[in-house]
Amino acid sequence: MMLLQRNTTTFGARATRSAPKAVRSVSVRAYGPDRPLWYPGNPAPAWLDGTLAGDYGFDPLGLSSDPATLRWMVQAELQNARWAMLGAAGVMLTSIGAAVGLPFPQWYEAGAAPLPSTVHGEWSFGTLVATMFLLFHWAEQKRINDFWKPGSQGDGSFFGITDDFKGTENGYPGGRLFDPIGFSRGSEAMYKKYKQNEIVNGRLAMVANLGFWAQYAATGKGPIQNLTDHLADPYHTTFTSNGVSVPFLNN
């Protein structure tokens, strides 16, 4: 009797344990010949062999067929992607701040905002430009030298601190200063994954910045204000109603 009671529920039904559901694991290769391509079924160019991060076989004009040009374009895209991610984050931060009432200028008004004040008064625009030029010149000179001779800028050439800039390869400084958490010092598989994620998000950020510029040209507003206007009147506030995106349509 006790055995029977243990095998039944309080409602008199036999208790059964549900079978575990099969978990489907989908693995997508981001590198190698089996990686997804931008044009499925169309072979990738021979010079795009799947060894680069973000290589989806896209080069219809053959712009990177020369190995030296390909090496340069990889670094150029990487730098522009990083600047685009930083810029997109800045645009969104200032737009959200302005929307909630913080004294943040919109991204298209940032150039007219007052410069930081010091004990001697505000910085002059010329002083700011000169300071930025000197700092950027030093950083870019180090970067271009490292491009032509990878690893040459991490040999203690600047008070010994450049040893901490050493990374794993050109374009990825690493070290304790640029990779304090050690993402590039883990497994090779995770390092490749991080590189893939970075360039994919960077490309998205470049497209996003293009969208920010187009939005302002069409509406004179920032992305958050455009989104707010659209949500307030989704059927009448779209890209077809601003009078610019589709010129032959009127409001």
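Cβ from N, Cα, C; glycine included.
Its own atom aside, the Cβ of His230 (chlorophyll a binding site) has 15 Cβ atoms within 10 angstroms in the protein chains shown. Annotation source TrEMBL lists chlorophyll a binding site at Ser64, Glu77, Glu198, Asn201, Arg203, Gln215, His230.
Around Val129 (chlorophyll b binding site), no same-chain residue six or more apart in sequence has its CB under 8 Å from its CB. Annotated chlorophyll b binding site per TrEMBL: Arg82, Val129, Gln141, in sequence order.
If you look up TrEMBL, you'll see 83-103 (among others) marked as transmembrane segment. Beyond the transmembrane segment (83-103), the same-chain residues lying 6 or more positions past its ends with a Cβ under 8 Å from any Cβ of the stretch are 110, 201-202, 205-206, 208-209, 212, 222-225, 228.
The transmembrane segment annotation in TrEMBL covers 123-139 (among others).
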Number of other Cβ atoms within 10 Å of the Cβ of Glu198 (chlorophyll a binding site) across all protein chains: 18
For chlorophyll b, whose listed binding residues are Arg82, Val129, Gln141, the greatest C-alpha pairwise distance in Å: 22
Span of Ser64, Glu77, Glu198, Asn201, Arg203, Gln215, His230 around chlorophyll a - largest C-alpha separation, Å: 41
